[in-house]
Amino acid sequence: MTTPLRLGIAGLGTVGAGVVKIVQSHANLLAQRSGRPVVITAVSARTRARDRGVDLSAYAWEDDPVALARREDVDVLVELMGGSDGPAKAATEAALAEGKDVVTANKAMLALHGQALAEAAEQAGRVIRFEAAVAGGIPVIKALTEGLAGNRIERVMGVMNGTCNYILTRMESEGLPYETVFEEANALGYLEADPTLDVGGIDAGHKLALLSSIAFGTRVDFDGVELEGIERVSIVDIRHAADMGFRIKLLGVAQMTGRGLEQRMSPCLVPAHSPLGTLEGPTNMVVLEGDSVGQVVLRGAGAGEGPTASAVMGDVMDIARGCRLPTFGQPAAGLATARSARASAAAPYYLRMELEDRPGALAKVATVLGEAGISIDRMRQYRHKDPTAPVLIVTHKTTRDALDHARAGFAATGVVVGEPVALRIEQV
Ligand SMILES: NC(=O)c1ccc[n+]([C@@H]2O[C@H](COP(=O)([O-])OP(=O)(O)OC[C@H]3O[C@@H](n4cnc5c(N)ncnc54)[C@H](O)[C@@H]3O)[C@@H](O)[C@H]2O)c1
Ligand SMILES: N[C@@H](CCO)C(=O)O
Ligand code: NA
């Protein structure tokens, strides 16, 4: 009989329990495909006496995940506790130091400590795999590191936080304000323990930073991600955007330009009938663009027990089969330090403003745009009862500098009431 691959699972929550279920229910299939049995030898979690819907009686128990990582009968630490530091990082470091491979779903840990951990893995001759950390069950890390390895990657885009996409699409379908849908998502258990990780765009920003590293051969640079969450997206803009043929998504975009690595995660408009525009509920979508392949669109479940455990097991199977890829797709020492740049590519913008309803008001706005070099593509003013008139403008492509110039100009017109909303329109 060939040597089994022995897993130690640290963390038995949603994902950990899902992994145990797959190992138990698909034992034959895993052994056939990898040519060796894949078994669990030991587990660890905060509370031992909890019914997780799985039988753990055959496995050794460790209260301390670091002790689990060091066990002689563990070949691979499967880290599913979460948290950027603390026990997750300590157990990962211990496993590598003891010559064990690591599979993790922990985007926060890798976004902040990915380079150091990748270097530690290489020094130890071990691997760290993290398919579950980015867009859950969608095999996007595999697509980038393996399938597209022969391409220069030109752009990576994606909706990678299911909770935010659920909130935005439900606001639109039910016509509900942000606060109401946020409470609904909370009641459904969708939100992370710290909800700002989701709605503040941080979780999605972590994922984008990890993809950028692989795509552009740079050290993970989460600090370089320009972040804006969905807290300020209003039902008014969702409705008006829909009226103009767009939908609002929390969209990540990363590209390498002559100025440096541009990474941003922010609410953007996308055409309603584009692949990203049709994405409903908690589903994720990642768009990869390579110089030879063109555009590749991946869509699927970005979270949940089954999909996330599926991604973890894909990594485990790589290790069982002897496939040993470097953490970020190339030797860690060769990853360049990213020179981060403010996203500068020109794009059309959606502008919404309230105008004083008097002669010449619209002309003043048009003049400001003209003086900033911004050309109007479409414009709409709605029938209104209030003393101010709601005006929507879709511009032709323009730069952020020109837009900043125009914003300052609007304030000086004396006819624009309050701060106009400006959202980038991403062409997909
Ligand atoms: N739930 C998802 O859909 C999903 C999707 C993608 C990635 N992830 C990532 O997977 C990881 C796990 O997520 P989850 O949803 O399963 O979390 P969870 O809260 O359901 O489970 C966490 C588990 O880790 C254990 N744990 C936490 N701290 C511990 C400690 N100090 N010592 C021992 N055990 C400890 C807990 O007891 C629990 O069993 C996180 O990194 C998360 O970001 C989750
Ligand atoms: N909170 C994340 C979980 C998966 O990483 C989401 O909503 O997508
Ligand atoms: Na994935």
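Cβ coordinates are placed from backbone N, Cα and C, and glycine is handled just like the others.
Unlike curated entries, TrEMBL annotations are predicted automatically.
The feature NADP(+) binding site is assigned by TrEMBL to ALA10, GLY11, LEU12, GLY13, THR14, VAL15, GLY16, ALA17. Summarising the annotation, TrEMBL assigns NADPH binding site to LYS107. What TrEMBL records for GLU192 is L-homoserine binding site. For LYS207, the entry in TrEMBL reads active site, proton donor. Among the features that TrEMBL reports, domain 'ACT' is placed at 350-428.
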* **Candidates LEU12, GLY13, LYS107, GLU192 (binding-site residues) with Cα within 10 Å of LYS207 (active site, proton donor)** => LYS107
* Asked: If the NADP(+) site is taken as the center of the Cβ atoms of ALA10, GLY11, LEU12, GLY13, THR14, VAL15, GLY16, ALA17, which further residues of that chain fall within 8 Å of it by their Cβ?
  -> ILE9, GLY18, VAL19, ALA45, LEU80, MET81
* Secondary structure at ALA10 (NADP(+) binding site) (DSSP, helix/strand/coil)? -> strand
* **Whole-number mean of pLDDT values that fall within the domain 'ACT' (350-428)** => 94
* For GLY16 (NADP(+) binding site), the number of other Cβ atoms found within 10 Å of its own Cβ -> 26
* Write down the Cα-Cα distance for LYS107 (NADPH binding site) and GLY11 (NADP(+) binding site), rounded and given in Å. => 15
* Asked: What is the number of residues in the domain 'ACT' (350-428) that are helix, strand and coil, as DSSP sees it?
  -> 25 helix, 32 strand, 22 coil
* To do: Take the C-alpha atoms of LEU12 (NADP(+) binding site) and LYS107 (NADPH binding site) and report the distance between them in angstrom, rounded.
  => 17
* **Cα distance (Å, whole number) from GLU192 (L-homoserine binding site) to VAL15 (NADP(+) binding site)** => 14
* What Cα-Cα separation, expressed in whole Å, is found between GLY13 (NADP(+) binding site) and GLU192 (L-homoserine binding site)? -> 13
* Asked: Which of the three DSSP states, helix, strand or coil, fits GLU192 (L-homoserine binding site)?
  -> coil
* Can you tell me which of ALA17, GLU192, LYS207, our recorded positions, come within under 6 Å of ligand 1 at the Cβ? => none
* If you skip the near sequence neighbours and keep only those at least six away, which residues in the chain come within under 8 angstroms of LYS107 (NADPH binding site), Cβ to Cβ? -> PHE130, ALA133, VAL134, ASP203, HIS206, LYS207, LEU210
* To do: Sort out the sequence-distant neighbours of ALA17 (NADP(+) binding site) for me: same chain, 6+ apart, CB within less than 8 Å of its CB, listed by position.
  => ARG52, GLY53, VAL54, GLU305
* Determine the recorded positions, out of GLY11, LEU12, GLY16, ALA17, GLU192, LYS207, lying near ligand 2 in the sense that the CB is under 6 Å from one of its atoms, and give them in sequence order. => GLU192
